[in-house]
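S.K.: Sharing a structure below in structure tokens format, with a few things to ask.
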Amino acid sequence: MMRRDRLLLVVTLGAVFTADFYFILLPKLRPRQQGPGEHCLCPLSRGPNLTLGGYSAVDTPWLSNASFVDLQATWFEGLDDSTEGLSKLGRLFAHPLYNIHTPELGAEEKLLQPEDLMGYYRRKVSRWERHMKLYSEAAAAVNVTVPEHQVSFDPEASWLKFHLGINRYALYSRDDPAVTRLLRDMQATAVISADYTQDEKALKGSCDCTQVVKPSGHHLKLALKLQNFGKAMFKPMRQQRDQETPDDFFYFVDFQRHNAEIAAFHLDRILDFRRVPPVVGRLVNVTGDILLTTHNEDLKSVFFTSPANNTCFFAKCLYVCKTEYAVCGSPDLLEGSMSAYLPGLSIAPRISIPNPWIRSYSFTGREEWEVNPFYCDNIKQLYPYNSGNRLLNIIDMAIFDFLIGNMDRHHYEIFTKFGDEGFLLHFDNARGFGKHSRDEISILAPLSQCCIIKRSTWLRLRLLSQDRYRLSDVMRESLGGDTLRPVLAEPHLQALDRRLQRVLKSVHRCVRRLGEAQVITTDFIDTANTPGPVKPGLCKLNHAK
């Protein structure tokens, strides 16, 4: 019996030692054992010869210690004198990481073709003109005066150019002038029509108050049509910039903030995701731009004049069909966010998919990811997260949501044309920037549980943590161009730097535990001296000289 016990003890200790060596020591020893030509470095040159690949999860090592030191010295210590005269934001966008070329786009990689888009909107314009003619005739029959608006359909309109620029990599290119024009147009172009959004119309003015989470009707968002037939979603101001979400508020009953939508667009662009539709702030005349332009009698019926002689309106929903939930102009002007609409679903179908890390929308429930630390292992086995870039994009989205403090990401949308490899749309960010004094670390669960991140995302986060490109500074500068500046209170800007450090620490913990090769996923390819096309997503092997 004693010999058997000793044998069992030896076998057990041997198994423990073997597992410890395989899962802990071996990953740390591998980078040291590789020769100089065995690292798939994908060196990031200072010229414009970097290409963003297909975002596929390539299981290759990232950077050796020596190459990382070189990269840090070259990039994170500053570039050259050519950027010295630029602001921090200008230096950021002049950086090689923000001048990476995407592969040449074929027709299948563009969301829309010009002839299809123009034909679709010409039909919509004709339908609008017929509708306005009938509406004017009906109004004249009952001696009602209808305001006339000068309208024009311009094939060169900024919103059309924006729609044509959407591709499988992002909503717009880094240097697309149409986006700048679109922001300016949404800010200043006359409004010719106001209406409820489609999801609010689906409610038909009623809400089920037995549900904990109320439908979107109480958020008071409107669809505004502009003079050039562009369309924007208007979200009015509901909360002052210096107000924080009360501690007793659940994330699903929080206000939607117009300035959060604006700031989220700027942050998305600074992170170089380009997955948030363009958003700009605007002062809207509640009477002239909404009441007098709407043809929806339900919308007209929710307007009233307050005791302070301000024009107000509220959502047509039983839950908030009370004057205390209204928004008011001062006396007519009301600030809000204007978000560009994407192409219609009939020409650019999208699907909405539940977020694997969805939260429990009840007062007591908890989801599996909140109690199971190995939840990501299960997700990795499921379609479409078991291959391709979908899980990496989920982690990008989680980092973005953590930085803005958004806990309300229950679904995400993708364009069906681009299939499983399409990027995720970062819609509906109005519940961000509610608290600057607290960091909700649970938002980072996809990153901390899966321990993988795109190399491009990691490098940009590192860059934005440096004094030369500090995230709060470039955000402040970027938001300074909006007409509603200051868009964010200063504590929210400072919170961005703090949260960025927490993201970096989370990645560092993963690297210490698993090694760089397992955590940092290559999504760059180097096209310098590369004959012929390189397969997207694969790293070209470079041997040390």
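Placed from the backbone N, Cα and C atoms, the Cβ positions cover glycine too.
What TrEMBL shows for this protein is this:
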- Asp408: active site (ACT_SITE)
- Lys235, Ser339, Ala340, Tyr341, Leu342, Glu413, Asp428: ATP binding site (BINDING)
- Asp428: Mn(2+) binding site (BINDING)
- 303-519: domain 'FAM20 C-terminal' (DOMAIN)
S.K.: Using a 10 Å cut-off on Cβ-Cβ distances across all protein chains shown, tell me which of the binding-site residues (Ala340, Leu342) has the largest neighbour count.
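M.R.: Most Cβ neighbours within 10 Å: Ala340.
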S.K.: Between Asp408 (active site) and Lys235 (ATP binding site), how far is it from one CA atom to the other, in Å?
M.R.: 17
S.K.: Using a Cβ-Cβ cut-off under 8 angstroms and a sequence gap of six or more, which residues of the chain neighbour Tyr341 (ATP binding site)?
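M.R.: Within the chain, Tyr341 (ATP binding site) has Cβ neighbours under 8 Å at Trp159, Ala223, Gly230, Lys231, Ala232, Met233, Pro277.
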S.K.: Minimum Cβ neighbour count within 10 Å among the binding-site residues Lys235, Ser339: which residue?
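M.R.: Comparing Cβ neighbours within 10 Å for the binding-site residues Lys235, Ser339, Lys235 has the fewest.
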S.K.: Can you check which residues sit near Asp428 (ATP binding site), meaning Cβ under 8 Å from its Cβ, same chain, 6 or more apart in sequence, and list them in order?
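M.R.: The list for Asp428 (ATP binding site) reads Asp408, given in order along the sequence.
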S.K.: What span in Å does the ATP site cover, taken as the longest CA to CA distance among Lys235, Ser339, Ala340, Tyr341, Leu342, Glu413, Asp428?
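M.R.: Looking at Lys235, Ser339, Ala340, Tyr341, Leu342, Glu413, Asp428 as a set, their Cα atoms extend up to 20 Å apart.
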S.K.: Within 10 Å of its Cβ, which one of these recorded positions (Asp408, Glu413) has the largest number of other Cβ atoms?
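M.R.: The residue with the most neighbouring Cβ atoms within 10 Å is Asp408.
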